[in-house]
């Protein structure tokens with residue numbers, strides 16, 4: 001779009017050649033997150049990598065296709081159902097090349113992936129802003145170099161990406177984004193080839209795009225949404241559909257709908273059929289792979305989805321959307337986990353937080369109105385594609401189609417942030433056009449880039465260790481029981497039991513049904529010979545979760561110390577009933593039956 005690029009000439013005065021533009025974007029993206037290269041394995045990395053047997057050579061490669069992201073069998077009722085075998089495969093390659101669980105190699109790959117994706121964004125934004133018009137020599141015109149460079153820089157330095165880049169498990173989102181973008185660019189290539197070589201070459205690129213979408217889905221489930229984005233792009237940019245005109249003709253039952261341009265391209269319906277068949281096939285296979293059905297989440301994972309009232313669910317879902325939008329607008333309050341009371345439920349329309357979702361929908365309605373009703377066709381196209389890139393990849397996390405296992409997750413904003421950066425760039429161009437003072441606009445943009453880059457550096461440092469990561473969450477989510485639990489667990493591992501007790505007690509206070517906090521607190525109290533309170537906590541834990549094997553074993557140890565041997569034996573047997581492979585518990589039971597003596601110390605907290 002030549003007009004938008006002209007509006008940005010005071011902000012980016014000279015046009016960089018494509019190679020130098022990519023070099024700048026790549027360098028900036030690497031610089032922002034380089035601090036995380038020598039960080040530890042933190043938070044979910046422990047389960048997905050360190051404790052995941054699928055990374056080790058003695059596990060057959062074929063097992064990766066039958067296991068979830070965390071190494072459990074998909075057919076298990078306890079499986080999380082996160083099917084990402086290609087991501088796990090890259091972890092396995094990392095493990096092999098690093099010679100073990102050395103986090104540096106894992107982190108470097110993530111940082112490089114983000115750099116590559118940021119560079120690829122230049123080409124994507126060039127297509128989204130400039131369209132797909134070719135000269136007689138087959139070269140694209142309207143490359144929109146200034147707009148695409150600014151949008152790519154905004155994407156490269158966005159702090160909300162820190163979880164994906166600095167947290168090793170975020171590689172699922174990075175790989176998904178990589179193949180998502182390749183799928184989109186492959187789909188765009190189909191129209192260049194159709195002009196030169198005919199239908200067969202065009203069909204090849206469409207099929208390749210669908211294949212790359214499937215690869216993206218095997219990295220993370222969100223990848224399938226690229227087919228929806230491709231369809232929107234095809235209809236709006238290639239088919240040149242004017243949505244408002246089409247709606248008016250449908251309402252008037254006008255038979256000249258084809259004059260809107262939707263059916264002008266004879267291959268449009270064929271491409272839509274290919275995308276529909278491809279997407280349906282991918283979703284069907286994915287559903288069959290899940291085996292036992294969708295995963296079972298608990299109320300603490302996503303409390304709004306368990307609300308009885310449809311109105312309460314709808315209000316809270318929309319409030320979650322507004323929080324995601326705020327993280328894109330002002331990514332200063334970032335947290336590794338937003339569950340367990342971090343965001344209290346809105347239970348009535350009288351809650352002041354309803355203002356946030358009202359503001360969100362006012363903004364969205366305004367953008368949608370401009371996207372539909374503007375007389376400027378380029379403006380309509382850019383706003384619609386920007387909204388499409390913002391909304392479509394977010395749909396799997398929206399709770400609209402199925403319950404998800406989180407309230408807010410920064411990682412799911414990695415791809416939608418591209419739509420936000422596109423809309424923000426367009427907004428700056430519009431602001432520059434309507435103001436005579438260009439320097440303040442340039443200063444605002446430069447300030448946003450510098451502040452976001454600084455925030456990326458700071459946040460990357462917080463992700464270097466669990467202690468800093470968990471403590472950074474206290475100011476953001478002080479009501480999150482999991483934050484206090486994780487800090488307590490870290491302190492206990494370091495031998496600081498007194499401080500650990502404080503945080504475990506706070507976790508139980510914030511969430512009276514937090515059985516893992518009760519178990520770990522009971523463990524510490526047992527070691528300090530405070531057996532009465534330890535027994536009360538462990539008894540409550542197994543009452544809340546009867547299949548909690550570790551709590552049953554620890555309860556048995558406490559009962560054994562209190563000389564109540566029959567009760568201890570019953571607790572050990574219950575633990576073994578719920579966890580067949582439990583050597584520590586068998587050892588304790590064996591000692592109890594043989595000599596009625598002291599039990600083996602319990603393992604480290606779970």
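Backbone N, Cα and C atoms are what each Cβ position is placed from, and that goes for glycine too.
Automated prediction, rather than curation, is the source of TrEMBL annotations.
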Range annotated as transmembrane segment in TrEMBL, from 56-79, 80-103, 224-247: 224-247
Per-state residue totals over the domain 'DUF1736' (293-365) - DSSP helix, strand, coil: 36 helix, 0 strand, 37 coil
Mean of the pLDDT scores, which run from 0 to 100, over the repeat 'TPR' (549-582): 90
Contact between the transmembrane segment (19-37) and the transmembrane segment (441-458) (at least 3 Cβ pairs under 8 Å, separation 6+): yes
Helix-strand-coil residue split for the repeat 'TPR' (549-582), DSSP-based: 27 helix, 0 strand, 7 coil
Helix, strand and coil residues within the repeat 'TPR' (481-514) as assigned by DSSP: 27 helix, 0 strand, 7 coil
Sequence-remote partners of the transmembrane segment (224-247) [C-beta within less than 8 Å, at least six residues beyond its ends]: 131-132, 180, 183-184, 187-188, 191, 209-210, 212-214, 216-217, 257, 260-265, 268, 271-272, 275, 278-279, 282-283, 286, 371-373, 377, 380-381, 384-385, 388-389, 392-393, 395-396
Same-chain residue ranges lying at least 6 outside the transmembrane segment (441-458) that approach it to Cβ under 8 Å: 10-11, 28, 31-33, 35, 150, 153-154, 157-159, 161-162, 331-332, 428, 431-432, 435
Residue counts (helix, strand, coil, in that order) that DSSP gives for the repeat 'TPR' (515-548): 27 helix, 0 strand, 7 coil
